[in-house]
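See structure below.
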Amino acid sequence: MTSVMFTNNCSLPDIKRSIAQYNQQQFVYNENIFGPLQSDSVVIVIQIHDRITYLRHLIVSLAQARGISQTLLVFSHDYYDEEMNSLVQSVDFCKVIQIFYPYSIQTHPHEFPGEDPGDCPRDMKREQALLTKCNNALYPDLYGHYREAKFTQTKHHWWWKANRVFNQLEVTRNHTGLVVFLEEDHYVAEDFIHILKLMENRCKESCRHCNILSLGTYLKTYNYYGDSKKKEALRAIKQQFIKNVGQVHPSWTFQVLPSLYQHPQKVEITPWISSKHNMGMAFNRTTWMQIIECAAYFCKYDDYNWDWSLQHISQNCLKQKLHAMVARGPRVFHIGECGVHHKKNNCESTSVISKVQQVLKSAKRHLYPDNLILTYTTILKKTKLRKGNGGWGDRRDHKLCMGMTIR
């Protein structure tokens with residue numbers, strides 16, 4: 001039987017061997033230059049697939065970050081590609097380790113957790129599935145749909161990499177500091193480590209119940225005026241709108257306001273909300289140990305999103321719910337125009353990048369604040385318990401996820 005050829009002329013058996021070798025060796029690049037990882041250093045974990053253009057931009061932004069030489073970058077791959085490997089291994093500004101999710105669609109193209117030809121099609125009715133006796137006929141999700149491998153992979157990968165970093169890697173065995181979670185289509189401000197350390201210290205001083213730090217936002221307008229300056233802020237937005245009339249409206253519009261990041265800058269204390277606080281988030285081993293005790297709430301919850309599953313843990317299992325300290329002036333930006341859910345004709349990242357760079361250029365003199373002002377969420381609405389988004393009804397996914405859990 002002829003082996004199927006994959007990227008860079010590597011066969012499937014070759015890719016599996018390489019992945020196993022990388023994961024077994026756990027080689028840390030540049031450790032001879034930057035020394036061993038300190039227990040309180042920042043570890044940055046980046047979940048990557050195959051979008052190399054975005055990853056290049058992220059790496060460039062990381063290279064410009066002050067304090068980056070003291071960190072460890074963990075690149076967690078679910079797609080093996082020699083060009084991606086070369087890019088990652090060219091990083092020379094800090095320690096680097098690569099880990100490879102071993103249950104990917106790439107390495108299991110015609111079997112679970114990839115797409116088994118004997119699996120039920122997504123939209124097949126349960127009655128029809130039972131008649132055809134497809135593999136997972138008994139386990140549609142709560143909306144009556146059957147699993148799609150491309151959607152389940154992201155949640156599996158997130159859970160595997162977190163377990164791997166906290167519980168399996170030799171280099172992080174004694175690490176007690178913060179672990180920051182990024183993705184390949186993120187972009188960081190040069191002072192993100194500085195802000196992270198300030199937030200960590202404020203947590204110790206003033207917010208013992210805060211267990212997640214969040215550096216990012218999905219908002220396209222960043223307004224950090226006090227109430228007295230709301231009119232000025234609105235005027236700036238109006239002027240920007242008038243300026244844009246007649247131009248092709250971009251899919252992302254970053255409004256750059258005059259006093260974007262004030263001194264001292266504000267951080268907000270708020271219950272962690274998955275859809276708002278999942279980007280550029282960080283937590284330590286103590287928080288992870290609490291999360292891992294609730295593994296079943298993550299692995300068996302009928303939602304293919306890792307962040308909604310984490311929210312489910314917080315609401316239904318944790319003794320102390322997840323509380324976030326959120327940077328009001330974001331230090332992590334989302335530059336991805338295209339991904340799992342979004343397919344556009346123009347997937348170039350340059351237009352978004354230029355807007356993010358303009359935001360940071362405008363804020364340049366306000367970066368590296370000396371201290372932070374705490375604000376608290378004033379409206380304490382009771383968070384409604386919600387049913388999941390589905391896509392995770394298959395018992396095989398539950399079993400695989402639980403099998404990756406390391407206590």
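Including glycine, each Cβ sits where the backbone N, Cα and C put it.
TrEMBL: automatically predicted annotations, no manual curation.
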Residue among Asp14, Asp78, Asp123 sharing the substrate site, where TrEMBL lists Gln47, Ile48, His49, Asp50, Arg51, Gln153, Thr154, Lys155, His156, His157 as binders: Asp78
Arg51 (substrate binding site) versus recorded positions Cys120, Cys207, Cys294, His334, Cys401 - nearest by Cα: His334
Residues Gln47, Ile48, His49, Asp50, Arg51, Asp78, Gln153, Thr154, Lys155, His156, His157 [recorded substrate binders]: greatest CA to CA distance in Å: 19
Cβ contacts of Gln47 (substrate binding site) (under 8 Å, same chain, 6 or more positions away): Ser76, Asp78, Thr154, His157, Trp158, Lys161, Phe181, Leu182, Glu183, Glu184
Densest Cβ neighbourhood among Cys317, Cys401 (disulfide-bonded residues), 10 Å radius: Cys401
